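So that you can see what the record holds, here are the features copied from Swiss-Prot:
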- His83, His182: heme b b562 binding site (BINDING)
- His97, His196: heme b b566 binding site (BINDING)
- His201: ubiquinone binding site (BINDING)
- 33-53: transmembrane segment (TRANSMEM)
- 77-98: transmembrane segment (TRANSMEM)
- 113-133: transmembrane segment (TRANSMEM)
- 178-198: transmembrane segment (TRANSMEM)
- 226-246: transmembrane segment (TRANSMEM)
- 288-308: transmembrane segment (TRANSMEM)
- 320-340: transmembrane segment (TRANSMEM)
- 347-367: transmembrane segment (TRANSMEM)
Amino acid sequence: MTNIRKTHPLLKIINESLVDLPVPSSVSSWXNXGYLLTACLAVQILTGLFLAMHYTSDTATAFNSVTHICRDVNYGWALRYLHANGASMFFICLYIHIGRGMYYGSYMYSETWNIGIILLFAVMATAFMGYVLPWGQMSFWGATVITNLLSAIPYIGTDLVQWIWGGFSVDKATLTRFFAFHFLLPFIIAALVVVHLLFLHETGSSNPTGIPSDPDMVPFHPYHTIKDILGILAMLTLLSMLVLFSPDLLGDPDNYIPANPLNTPPHIKPEWYFLFAYAILRSIPNKLGGVLALVLSILVLAVIPLLHTSKQRTMMFRPISQCLFWLLVADLLTLTWIGGQPVEHPYIIIGQMASIMYFTIILVLMPATSMMENHLLKW
């Protein structure tokens, strides 16, 4: 008798995606990050659902409702900090996942890669709107500054900003709609994840060597399920340590002050995972130029498949490209540090240099190095 998981219409889909899926035997632990992202999304949706039961999206009560969750709701503090720090873990996994895609040439599956970029924008939008909900000082001023960037769009900018705000400033209408979208978007993200996997399973996973692996496959279960469970346990351990020992490590102390439109914080900055893009935005003195650079810092990922000039798919056997890749990682860490610093000398010039380096490495140096490595193969 055939196993039910291979015959049942619904179980068959799950079986082909999670049990009997053939995976290249050389796939390393770097490929764990996709599974970890699914776990992060599940944690965020569950904790967010329970937080939404106690949260009120009204400017008069939002800050107090978050305080009430932490003080009076059973394990409310755990829910709140799991959700806040879970977002940080989400972005750590997300950036590792993108980095691994760049390193191993996964962007050659352009449909999967492009859906991934849409997912990145959706997750960033969700995280931004979530940061506004506690209605602290940084929530209010962050929302004001970031939404105000849209006013740089010619002709329609100002009207667009007021349409998003639902008035002439960030107020009750803004908070209510941000809460509605923050609740809705994770489910849209979950649907996009299914599409992402659908496109991935059309082609099958690539592998670190970059050569066809059809003759050398292993079933997903038990080999990769065990590996992924280990990764999830490691991530949950890290998240638990963060939540239980230093829950405010990655937050901003200004967000414990209720939002006050009459008092501007000395240094407005977003959450740490947006600081690299914020640094690129600030490095250009022109408003429209800064906004374009901000958007392009993410959209540049979409042109990476077009700039692939190497005869090899992955960077595994390309040491010069590897050096450039790690230089890009170091550059992003520098930008993240600069984004959290005040706008003064020497941070301004460091930020500008790091921003130029970011685009130069991706758009110029990587394709040029790949072409040089092609010539080296002839020696």
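Residue positions begin at 1 at the first shown residue.
Yeah, the Cβs are placed from backbone N, Cα and C, and that goes for glycine too.
Scored on C-beta pairs under 8 angstroms, the neighbour of the transmembrane segment (178-198) with the top count among 77-98, 113-133, 226-246, 320-340 is 113-133. In this chain, the transmembrane segment (226-246) lies apart from the transmembrane segment (347-367): fewer than three C-beta pairs between them fall below 8 angstroms, excluding pairs fewer than 6 positions apart. Looking only at Cα atoms, His83 (heme b b562 binding site) sits nearest to His97 among the binding-site residues His97, His196, His201. Taking every listed stretch (77-98, 113-133, 288-308, 347-367) in turn, the largest tally of C-beta pairs under 8 A with the transmembrane segment (33-53) is reached by 77-98.
Proximity of distant same-chain residues to the transmembrane segment (288-308), defined by a Cβ-Cβ separation under 8 Å and at least 6 residues beyond the stretch ends, is recorded for 98, 102, 105, 107-108, 110, 113-114, 117, 120-121, 124, 149-150, 152-154, 276-278, 280-282, 355, 358-359, 362-363, 366-367, 370. Same-chain residues lying 6+ beyond the ends of the transmembrane segment (347-367) with a Cβ under 8 Å from its Cβ atoms: 279-280, 282-284, 293, 296-297, 300, 303-304, 307-309, 321, 324-325, 327-328, 331-332, 334-335, 338-339, 341.
Listed in sequence order, the residues of the same chain lying 6 or more apart from His201 (ubiquinone binding site) and placing their CB within less than 8 Å of its CB are Glu16, Ser17, Leu21. Residues near His182 (heme b b562 binding site) in space but far in sequence (CB under 8 A, at least 6 apart, same chain), listed by position: Gly48, Thr126, Met129, Gly130, Leu133. In sequence order, Thr112, Ile115, Gly116, Leu119 constitute the residues six or more apart from His196 (heme b b566 binding site) in its chain with CB-CB distances below 8 Å.
If one looks beyond the transmembrane segment (77-98) by at least 6 residues along the same chain, the residues whose Cβ comes under 8 Å of a Cβ in the stretch are 30, 33-34, 36-37, 40-41, 43-44, 47-48, 50-51, 66, 69-71, 116, 120, 123, 127, 130, 235, 238-239, 242-243, 247, 250-251, 271-273, 301, 332.
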